Amino acid sequence: MKLFLVLIILLFEVLTDGARLKKCFNNVTGYCRKKCKVGEIHEIGCLSGKLCCVNDEENKKHVPFKKPHQQPVEKLSVQQDYVILPTITIFTV
């Protein structure tokens, strides 16, 4: 019976932060730590007051996304208060 009580208590025990490293938020590829390792830089702070440590070498591998070049849109000569959308109904088919 005592062993059963110990098992029940251990099931409801909450693990501390040391069990698994938390990832940073805002799509930053890093981990929340008190001190960054050698070769890591801190980008932003985490919610728990720790640093968001990002591996500097791995961060350089990622190429920033480039937006495709858009051609200028021709403007209408008449100012319209609404947008005309193409619609298809049963009667037009």
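Glycine residues also receive a Cβ, built from the backbone N, Cα and C atoms like all the rest.
Note that the structure is predicted; figures quoted are calculated from it, not measured.
If you look up Swiss-Prot, you'll see 1-18 marked as signal peptide, on the strength of sequence analysis. The disulfide bond feature in Swiss-Prot is assigned to Cys24-Cys52, Cys32-Cys46, Cys36-Cys53; the stated evidence is similarity to another entry.
All protein chains shown were included, and the count of other CB atoms within 10 Å of the CB of Cys32 (disulfide bond) stands at 20.
Neighbour counts were taken as the number of other C-beta atoms within 10 angstroms of each residue's C-beta; across the disulfide-bonded residues Cys46, Cys52, Cys53, the minimum falls on Cys46.
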